[in-house]
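TrEMBL lists 13-83, 136-179, 254-299 with the feature domain 'PAS'. As annotated by TrEMBL, domain 'PAC' applies to 85-135, 325-379. The domain 'GGDEF' feature in TrEMBL is assigned to 411-545. What TrEMBL records for 554-806 is domain 'EAL'.
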Amino acid sequence: MFAQTTPLKLDSAHDLHAALFNAMTDGVLVVNRQGLIIDCNPAFHRRLGYRKDELTGRSVTTLDPPEFAAQVPRRLAEIEQQGQATFETAHYRKDGSVMPVELNARSFQVGSELVFFSVVRDISERKEMETRLHEGIETYEAAVNTTTLGFWMVDMDGCFLEVNAAYLKLSGYSRDEFLRLRIPDIEALEQPAETARHIAQIIRDGSDRFRSEHRRQDGSRWPVEVVTSFSRVQGGRFFVFIEDISERVVQEHRLQLAARVFDTMDQAVVVTDASNRIVSINPAAVRITGYTFDEVRGKDPSIFASGRHDRAFYDAMWASLHASRHWEGEIWDRRKDGTLYAKWLGINAIHDSQGALYQYVSVFSDITERKKTEELVWRQANFDALTGLPNRHLFYERLEQEIKKAGRTRQGIAVLFIDLDRFKEVNDSLGHAKGDALLAQAAGRIGAKVRESDTVARLGGDEFTVVLPNFGDRANLERIARELIMTLAEPYELGDDDRGYISASIGITLFPDDADNLDGLLKHADQAMYVAKAEGRNRFGYFTATMQREAREKAALAKDLRQALGRGELEVYYQPIVDMTDEVIVKAEALLRWYHPERGLVSPMVFIPLAEELGLIHEIGQWVFGQALAAVARWRDMHDRIIQVSVNRSPIQFEKPNQPCCTDELRRFDLPGHSITVEITEGSLLSQSKHIEQQLLEFRNAGIEVSIDDFGTGFSALSYLRRFDIDYLKIDRSFISDLAEDDANTALTEAIIVMAHKLGIQTIAEGVETERQRDLLRQFGCDYAQGYLYAPALQMDAFEQLLGAA
Ligand code: C2E
Ligand code: MG
Ligand code: MG
C-alpha cells in the first residue's frame, strides 16, 4: 500500500530503513546499554539544535535535566525488563532551554548488543497547554473563592453544580444542603414559571444582569443583583455571580425618601451653590414664591426679595451665616405676582468634608396667615369685638403707660368711669341683639367726644372708661363729662322702629390727687360713678373724701358680716300677712335683722346687697330657710295649722346650682311643701340663668310656692309669669302708698290684680299702712295684705303673741 502511493526506488531494506529513519517527524534516538547515544535522526538532533556528530557517543544523561538524568539507569532497566516503556522526560536544547518530551522506548538485541530505540515526541505544546489549563483552573478557583460576590454554576435544569463560600456565607446554607437545591428553591421574587421563562431568555441572549431577591436558609429574604452568562459547554452551563445589594437598597430607599420629602414637604427648600446661585427648589418653594424652577435656576435668591428690608438687615444675615453657618428669622419677600408674604426662613451654610463652603440650604414656610391669625388673636385679646374699643386688658396697659408718662411730665390724668343707666332693661326688653347695637352706638358717641390721644375702652357690659391725659382745667373736664351725658341720653335707633332710651352716670377720678396708681384710680372712679347713680343717675360726680370714707366703712362692715352668722348676730323677724276677707293672719314674711355689736341694728337694705357681693348670701339664705321651717313647725304645733312663711331669695342664690335639697329640710320638720313661699324678684326670672328654671321646677315638685316680690318696679313681663308657674304677685309698696292720690297708680293696681286672677295667680299687697288703702284693695279683690296697718316685722315671741291674740 505504501509502495503504491509513494513509489520509492530503493536498493535494499537497509536503504528503506535509513530513508524512514531520516524522514520521520518524530525524533528517534538509539542508545546502548551504557546510555551512550549510538544514533539519532535529524528530527531529534535538529529539534535540540545539534548536529548529529555533536550527539553521537554522548551519554543521554548529559542531555537531561538533573532530575531526569538520575532516572536514566532505572528507566533503561525497566525497558530491558518489559521490552518497552512510555514515559515523559525532558532534554536540554543546545541553547540550554528545556524541551519536554514523551519517550516511547523499546529494547532490541542487535547481535550481542542490547540497544534502546526511542521515539521522542516534543510535548512542549501539550505541556504548556497543561500548565496553562492548570493555572487557569487555579485562577478561576481563586477568583470564585476569594470574591465577596456569590457564585454558582447551574445546569440546564436549574440544579446547582457549584457554589462558592461567599454565597454560602450570605445565604446561610451549608455546601451540601445547597447543592441539593434548584433555583426555584432560593428565588424569592419570581414564580417558578417566570424563572423558567427567564432562563430561556438567558439561553437565547447568552447573558443577563438583573435584580431579584433570594431566600436565605432561615427563610428571610435578601435583595441581590445577578450577573449570569450561559455557555454551551458540557451540555449547557450557567455561570452566575450574585451580589448582596441590601446596603445599596437601603441607600436607594434613603435617597428616594429624601427626594420624596423634598418634593412633598410643606416647607419650601431653596438650594444655592457656593456663589449663591440657585441650583434647586422644591415644589413647595414653587407654590409659595410663584416662580418655576426654570425661572430661578442660576439666579441669586435676591430675586425673591421684597425691598422691605434694608441693607443692614441682609448684612446681619450674612454675618451670622459666616460666623455660625446659620441664620433664622422672619423675612418679608415678594411673590412673582408682586404680592408680599411673610416667611420664617432658616438658612444653613453647608460645608464639605474639607471644610470648604459647598451649598446654602434655605428652608422656609409662608407665615402670612399665621401672622394674620396672631394679629387677630392680639386684637381679640386687646379689643372688644362688639364696639371695637380697647378692652379691659388694653385699657389697663394704656392707663399704666399714661401714669408713667404723667409721672415724668407732672401732668394730671382724669379717669372717667361711665355706666349706662338701666341698660339691662333695654337688653331684657328688646333683646340682646338690640342691646348690642345700642352699646356699639354708645361707644361711637363716646369716641366722638374725645381726642385721638384719649383712650376710650369698654370694660364689659355697659361699663366704659375714658382716660384723658392733659385734660386741661376742671371746666374743660366737666364740659366733656356733660357732653358725654348729653350725647348718651339721645335716643338710639335700633332698627324695626325700636328706639332705646337710656342715660349714663359718670364717676370721675384724678391722678395724682385722688390716687397715684391704677387700682386706686379705677376703684375711686367706680365709687364716684355709684354715687352718681345713687344720686339719681344721668349725672357725673367726682370722687370725694366722703366716698373714700364710705368705701372704707363698707370694707369694715363686710369684715364684720362674715362673722355675723357665726356670732349669732342675725335674727329672723316675721311680718304677718292677712287674708283680706277676714283679716286673719294666714302667712308671714321672714325678714332678716342684723344686730351689729357697735352699730346696732343694720338694715337688710344695707347688708343684704353686701352679703350678695361677698357671696355670703348662700349661707345666710340657707340659714333663713331653716329658721322659717322651724317657725312653721313650731306654730303648727301651737295652733294646729300651717302659717305659710315667705322667704326672700336673692337672684344671686340662683346662680349657684346643687344647693342642699329643700325637700330634705321639709322632711326633717315633717312639713308639707306649701309651708314655704319663695319670694323672688322679676330680675331673677329675666336673668335667663339656666339654673333658675331647674330650681323653680324643684320647688314646685316639692310643693313649695313661688311669689314675685316688688311686682311692678322692674320690667314686668307677663309671659314669664305663665311660663314659670307663679303662685303670688306681691304688689310693690310704691303702688300701694300712692293709692287714692294717684289715679294712674290706682288703675294700675286694679289692673294688676285683675290680670293676676286671670292668670290664676293670687295677689298680696305690700306696705299697706292705711285703712283707705286696705278698703280700695279689698274693693279691687286683692287676696292678701301685709303692712304696718297690721304689724311691722316682729320678733318671734311678739309675732306669737299676735297669733295667740287673734
Ligand atoms: P321686701 O322683701 O320687699 O320686704 C318688705 C320690706 O318692706 C321689709 O323691709 C319690710 O319691713 C318693709 N315693710 C313692710 N310693711 C311696710 C309698710 O307698711 N310700710 C313700709 N314703709 N315698709 C314696710 P326690710 O325688712 O327692711 O327688708 C328690706 C328688704 O331686704 C326686703 O324687701 C328684702 O328684699 C330684703 N331682705 C330682708 N330679709 C331678707 C332675707 O332673709 N333674704 C333676702 N335675700 N333678702 C331679704
Ligand atoms: Mg320680700
Ligand atoms: Mg317687697
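Glycine is no exception: its Cβ is also placed from the backbone N, Cα and C atoms.
Same-chain neighbours of the domain 'PAS' (136-179): 186, 195, 199, 214, 216-218, 222, 224, 235-244, counting only residues six or more beyond its ends whose CB sits under 8 Å from a CB of the stretch. Put simply, of 13-83, 325-379, 411-545, 554-806, the stretch with the most CB pairs closer than 8 A to the domain 'PAS' (254-299) is 325-379. Across the residues of the domain 'GGDEF' (411-545), the predicted structure has a mean pLDDT of 90. Residue counts for the domain 'PAC' (85-135) by DSSP state, with H, G and I taken as helix and E and B as strand, are 12 helix, 31 strand, 8 coil.
For the domain 'PAS' (13-83), the DSSP counts in helix, strand and coil order read 40 helix, 12 strand, 19 coil.
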